[in-house]
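Novice: According to TrEMBL, the record shows the following:
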- A:10-66: domain 'WHEP-TRS' (DOMAIN)
- A:11-48: coiled coil (COILED)
- A:67-420: domain 'Aminoacyl-transfer RNA synthetases class-II family profile' (DOMAIN)
- A:137, A:138, A:139, A:164, A:180, A:184, A:339, A:343, A:344: L-histidine binding site (BINDING)
């Protein structure tokens, strides 16, 4: 999956070999040696050059690091809009926010993301002192924060960038530096109430973003454990079976079946038995959640399994709460939802936006550190918000192994940015990159000081205002600037206006102009800006 | 200045030596060897142990990396308040915002921060691929962004964390990870207009933060060059003389003089001549800026120097513009202001808040990468906002060496957080960490579903609301929670209220309660919350 990347030392060796081959080729040519031999040496040199990649021959290359991007003003405007919607929802639910350093002691991250995830951690160089790594998600730093500060209950959100040395696919929204927006509820509470609020937050955010239809898939760790047990799977195969099952929304059962039997050597009878359970949603697309829960209750085997029973009770209560919150219609119980990470202990969920198609890897959010390139869906943008209950993670950091039950959701915000960018483009809507409300212009020369005085008045009255940084700007240039930037109002200062003690207000959109007495200016602007 | 930090390899060697000495000591004790010899070995072992520092003997230590901190909910509330004030001001002046990756190609940063600064850069480990380093400030990434995207004019702000492997002094607000808030104006404009706006922004932000008196010191690169030339300094000594002169606000002239003559071997006559110019503000504290500018014009030597003439013209114009903006009273021309970095080409400025004393290093902002521990002031919090004009930095990144004139200001926001934290403490003001407006409570059992319905109603009407995650919470616990968190209103659901179709609203502060018909609830809440 990952292209091999060379260390500096390996590159240096290659460069020396290329140079040596170049010398040999020149010598061979000079001595008019066998053409085949020269050809062979050239091929060898080109091969090594290729390995070195598109190095600019030591020339300075002006670029962002691989897998990262700058956000220009337009991208930032969209990013801020998305983040504001997310933050507003988090605050509406009474969440506090925290922040942690961008790097952690390497030991804090070690062994938290499985074998695959661990390889993707960015390490800092050993320059003396502690060994550090860039954070891989916000969940492990959150758990470290809770354990370190002995916090046993908190509803917090955290919006920050995380880092993964993954093979980037930037067109699909997969970066090495990307945002995560996490909302988590830690504390010992009554069953399913925090879960219901997490699902309500997902519903609110996606509704506010106005992205069209979406669906929240729901399952439970104990449902998976129960189904596997009843089918005759070994407990030790839990993780590997989950990872195959999780692909069912993208590949056919036959493929998953053969992966389980032929590659992972799971007992064929167990696999075939499991089919009946994990494909139940697939084969009953229109069945209600309650109908599927009843199926598991009535089935003689799952109905007798304690794990399944607990999972059914939990999910029935959660769905009941969701109906009170008015969000049940978008939630679908799916026994095939398995998610990536190992630390879930209860309900798990994953949200898919239906309307937008985009080549996109599913799940670059925190709960899916081990997503690989083969999990790419070309039919929709994939998971945009996912999470679940993880009751044992904090104890891993606690000296006294004190457990702090947690449930949370992480928004795959990079993908939401991409969707919003696509949306803005398709609707041909103008994206404003500043919040300037008034531009102060002048039609004649030598009015710089008057423009400055007006700007001062506006700024001091909390009106966002700009003027040209020229002593004598051209009127046309000033008006063009306003139209390009969608600045709603222009104040025009002129000799006549000054003498009469008025200012001319121009509406940029309809080009109407009115004189307003200077004394009434701020009131008039407030009135006009309130309706913009 | 910096404690020596050991690499992992060095530590490993030390640990082995300690272990070997331990073995020797045990053997010596067993063989009842000479007590002096044993003592000597023990001393040696303790010395090496000391070098290893307070290692937890391989035990897992739960902490943030050296020089970094978590921001808990309270610190975040203060941080967000400060950032909002700064951001509002930047937007009021029509600035756009951009963001760049937290790391840059190592080559982009190399050679931009002088010898001292360069040592403080955090490198990422070479895990294959590009060599990367964490950003050291926001100015170099900004210049890289402008050159890469061929942007020739932009007014942008950038608020983000930067990283310096400095010796942290956290009680003084010096961290290895800290925020910078930069506002820069790039473009070819008429003289001093962008500078005046930068100073206006400083004035606005510090006034909004309500930190009491502050002073913006002003000087000009050409004023320094002119004074040095007239005094007979060598051009090649510019940087080193500047760095001594810059200390004049903290140490006496005699000390600076001896540093220049004895340590830096600057000609004694030149130093004594320079005194007359750089100490003019010091010796004329109450003189107006215009009086000092006139002094330089009338002095036969500086008055004839082209650099000084240009600097006087520039500063006179800038001060004129500042008086139009109504901010001249806080600005003081000081020929001794030299600032740290080399890249300034015009006006330079630095802001000091007067009212707060705090052991604080001066200038951990971007324009002062080489600040060292001896620049510590115990009399005030030091520079909180500084900047200047740098017209040649962008050209360093431009393939065609295209210059983009820039001027900007950087707020030392970490110090502002500390001041605001001190202020909040001294005023004993409560810092709210959530924006919850309404808590939904119940006095009796079995009203969970009713509370949930009310929460749904509130959330859907954009009211920030919370309830207890318990089926049957105690009334007292619920009210205490509201008082602790300064939640202004409580809705109380009860059997009677349900029957009568009303909800009880309780004002947490004055404990008054009123019944409101459910149909009028949202209107009533809006009315009450508008005045909170």
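Note that Cβ sites are derived from N, Cα and C of the backbone, with glycine treated the same way.
Remember, TrEMBL labels are computer predictions, not curated facts.
Can you tell me where each of these features sits in this structure?
Specialist: Mean predicted confidence for the domain 'WHEP-TRS' (A:10-66): the pLDDT average there is 77.
Neighbours of residue A:139 (L-histidine binding site), defined as other CB atoms within 10 A of its CB across all chains, total 28.
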Novice: Give the number of CB atoms, excluding that of residue A:339 (L-histidine binding site) itself, located within 10 Å of its CB.
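Specialist: The answer is 24.
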Novice: With the L-histidine site defined by the record as A:137, A:138, A:139, A:164, A:180, A:184, A:339, A:343, A:344, how many Å span the farthest pair of C-alpha atoms?
Specialist: 22
Novice: According to DSSP, which of helix, strand or coil covers residue A:344 (L-histidine binding site)?
Specialist: coil
Novice: Just to be sure I understand the packing, how many Cβ atoms besides its own are within 10 Å of the Cβ of residue A:180 (L-histidine binding site)?
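Specialist: Its Cβ shell of radius 10 Å holds 21 other Cβ atoms.
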Novice: Work out the three-state DSSP category of residue A:180 (L-histidine binding site).
Specialist: strand
Novice: According to DSSP, folded down to helix, strand and coil, what is residue A:137 (L-histidine binding site)?
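Specialist: Assignment for residue A:137 (L-histidine binding site) reads coil.
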